[in-house]
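Visitor: Pasting a structure here, questions to come.
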Amino acid sequence: MAKGKFERTKPHVNVGTIGHVDHGKTTLTAAITTVLSTKFGGEARGYDQIDAAPEEKARGITINTAHVEYETESRHYAHVDCPGHADYVKNMITGAAQMDGAILVVSAADGPMPQTREHILLSRQVGVPYIIVFLNKADMVDDAELLELVEMEVRELLSKYDFPGDDTPIVKGSAKLALEGDKGELGEQAILSLAAALDTYIPTPERAVDGSFLMPVEDVFSISGRGTVVTGRIERGVVKVGEEIEIVGIKPTVKTTCTGVEMFRKLLDQGQAGDNVGILLRGTKREDVERGQVLAKPGSINPHTDFTAEVYILSKEEGGRHTPFFNGYRPQFYFRTTDVTGTIDLPQDKEMVLPGDNVTMTVKLLAPIAMEEGLRFAIREGGRTVGAGVVAKILK
């Protein structure tokens, strides 16, 4: 049988399964691909194919992740599933697998467990915007009241971490039954209900090109007779010749005007997300712009120095530190294209951080960086990556 080709005309959404070990994340992932492939085309993936997740490196960190794809009536989904808890932590913090929404798998037989809580908290910290719940193994619970109790517990837990617990879609089912071809309410029907919930509850993500213009500065040149050219890859939005833009970060913010956009030695009237361009700036001196700043739509992003972050510290095996660090540790924080020194403030109950740990910390940078919540960074010592993090909350 020929493999059904995915039509790229459908909007694309990134999702993933999260939840406690052995609650059925991988079985559910296999069940979704199996049920939806028969209905909408695509490829069914077995449990073993997904469980044998290949190792990949994101920012020098080893992560095991399985990637599957499936489609529904209206969308194309890319879905990530990780075999181990540590892989989830790394994946979510590095943003290796960006999620527009997550499917939280909770065993109806066990209810919420420590990693259930931790994954919800991580989702909040790293900015996963939507969570849908699949109450798995519902075939193993005969008591309807017990099922209701577990549902209430999950809703309360979501609300505790600022997700709308009362409005969160909760689908009850059995991934195992669905995978075995059971056509009943807890089998195939539950998977179809879950797919419908994904389609309706997670909004179509904004495309990069629709965002506010932002380009990290990679290099700066002076071209005699023409002025200063800044090169980089446009991260989001569009810039048109003649538009005002701001140079943000490191130094006080200044306004300038884009007088030219160049790509592959051709002049364009605009550049957009994904383009590697040179942008000509009017009246800006070469020494006014440096690597590590960003060009942005005026007022769209501000420079900040103080923030809280969710951080993963590389293990010794990953090439990280061999020893713990303590409060007041001062490494470099690598944002987009440059390193800035910063001081780390640990939570009161945390005396030290060991290689391989993940931790919430407060950081104070020596120079301001154009920053938004959800921005990823690396922690470095002398050019060597020792950690990865994401801005959870801006303080100043």
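Including glycine, each Cβ sits where the backbone N, Cα and C put it.
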Visitor: Would you please say which range out of 4-7, 136-139, 216-219, 372-375 has the annotation region 'G4' in Swiss-Prot?
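Guide: When 4-7, 136-139, 216-219, 372-375 are checked in Swiss-Prot, region 'G4' belongs to 136-139.
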Visitor: Region 'G2' per Swiss-Prot sits at which of 60-64, 90-94, 160-164, 295-299?
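Guide: Of 60-64, 90-94, 160-164, 295-299, Swiss-Prot gives region 'G2' for 60-64.
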Visitor: Under an 8 Å Cβ to Cβ limit, what residues of the same chain, 6 or more beyond the ends of the region 'G3' (81-84), are close to it?
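Guide: Distant contacts of the region 'G3' (81-84): 16-17, 21, 25-26, 29, 50-51, 53, 63-66, 68, 91.
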Visitor: If you count other Cβ atoms within 10 Å of each one's Cβ, which of the binding-site residues Lys25, His85 has the most?
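Guide: Output for this query is Lys25.
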Visitor: In sequence order, what residues of the same chain, 6+ apart, have a Cβ less than 8 Å from the Cβ of Thr26 (Mg(2+) binding site)?
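Guide: Listed in sequence order: Thr17, Tyr47, Ile50, Asp51, Ala66, Asp81, Pro83.
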Visitor: What are the sequence-distant neighbours of Cys82 (GTP binding site), meaning same chain, six or more residues apart, C-beta distance under 8 angstroms?
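Guide: The answer is Gly16, Ala53, Ile63, Asn64, Thr65, Ala66, Tyr88, Asn91.
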Visitor: Over the region 'G3' (81-84), what is the model's average pLDDT?
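Guide: Taking every residue in the region 'G3' (81-84) and averaging pLDDT yields 87.
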